[in-house]
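As recorded in Swiss-Prot, the features of this protein are as follows:
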DISULFID  CYS1-CYS15  disulfide bond
DISULFID  CYS2-CYS11  disulfide bond
DISULFID  CYS7-CYS14  disulfide bond
MOD_RES   PRO4  4-hydroxyproline
MOD_RES   PRO13  4-hydroxyproline
MOD_RES   CYS15  cysteine amide
Amino acid sequence: CCGPTACIAGCKPCC
């Protein structure tokens, strides 16, 4: 779940 919209998707650990 990482990518340009990771934070928006709620994948905080991926930020």
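Note: Cβ is positioned from N, Cα and C throughout, glycine not excepted.
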Open item on the list: Going by DSSP, is PRO4 (4-hydroxyproline) sitting in a helix, a strand, or coil?
Closed with: coil
Task: C-alpha spacing of PRO13 (4-hydroxyproline) relative to CYS7 (disulfide bond), in angstrom - done: 9
Open item on the list: Under a three-state reading of DSSP, tell me whether CYS11 (disulfide bond) is helix, strand or coil.
Closed with: coil
